[in-house]
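Okay, structure first, notes after.
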Amino acid sequence: MSARDGVGGMGTLGRRPRFENSEFTVRIYPGSLAEGTIYCPISARKTTTAAEAIERVIERLQLDRTRCYVLAEVKEFGGEEWILNPSDCPVQRMMLWPRVALEHRPLSGGEDYRFLLRQKNLDGSIHYGGSLQMWLQVTEERRRMVERGLLPQPEAQGDHADLCCLPELNERSLLDNLRSRFRQEKIYTYVGSILIVINPFKFLPIYNPKYVKMYDNHTLGDLEPHIYAVADVAYHAMLQKERNQCIVISGESGSGKTQSTNFLIHHLTALSQKGFASGVEQIILGAGPVLEQTQFSGMPFIGVTPGLM
């Protein structure tokens, strides 16, 4: 793949805004926690965590700091609420919403995307501000949704997205961490700049254009591990350094090397269609048959090469 001798690619990249530094407006609805306030708008970036967003709402609405608050995402008015972890990033969640939801326009089918501020009780439960019967009903419905697989299991303690961050590194802790993430359908895990992939043997909805946009022009490790992140880093490194980049995919037969190659090509193609380097998408798509035949000790590779065009 080419950056057209590096000149056109670098010029386009220089004019392009860096989305990770862009400010977004996040509307947070406090409900009964702040009477008279429909929603509290705050400024946030892609890397702003839920804990930081809550702190800004507390300061702006002058809420009681002795209480514990959590941020919940809801996709239907009165529907199930997804409680965000303190390290989750609300802006990244918003980027997966439909465009009309980001423009604060009503959606059809009862969908109503928004963030809610909730108070956490001493026993760890969520205070919904309604009757005890209503709270029990919501809790029971959420439990059933988790059992049916419609909501994720509670995140396990000690889950690390990068194995280099394990407090104790041995075979057992490494495998336990990978097993814990796999059960949460987190099939990608970093080892520094290396990406480990566990084949789920089923389709996961984490390869659509919304994920392409979310991982666009981001530093490796800023977001949850993903094969798009690896492709994105290689692509932008090629444009910035004007040097060849290579992604090596290694694994045994049936581990998913071919599918991973397809995901890489998909992301690189999506990036090239945004105007960084005109015509590159055709070269990438034409590389598929060659990649199928290119083997080195069982390791197919993708070469991201400036200067070929």
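The backbone N, Cα and C atoms fix where each Cβ goes, glycine too.
Copied over from TrEMBL:
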DOMAIN    22-122  domain 'Ras-associating'
DOMAIN    158-309  domain 'Myosin motor'
BINDING   GLY251, GLU252, SER253, GLY254, SER255, GLY256, LYS257, THR258  ATP binding site
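Structural mapping of features recorded in TrEMBL.
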residue : record           : Cβ neighbours (10 Å)
GLY251  : ATP binding site : 16
GLU252  : ATP binding site : 8
SER253  : ATP binding site : 6
GLY254  : ATP binding site : 9
SER255  : ATP binding site : 15
GLY256  : ATP binding site : 18
LYS257  : ATP binding site : 20
THR258  : ATP binding site : 14
Roughly where does the domain 'Ras-associating' (22-122) sit in mean pLDDT, to the nearest integer?
84
Shell of the ATP site beyond GLY251, GLU252, SER253, GLY254, SER255, GLY256, LYS257, THR258, same chain only (C-beta within 8 angstroms of their C-beta centre):
ASN199
Per-state residue totals over the domain 'Ras-associating' (22-122) - DSSP helix, strand, coil:
24 helix, 33 strand, 44 coil
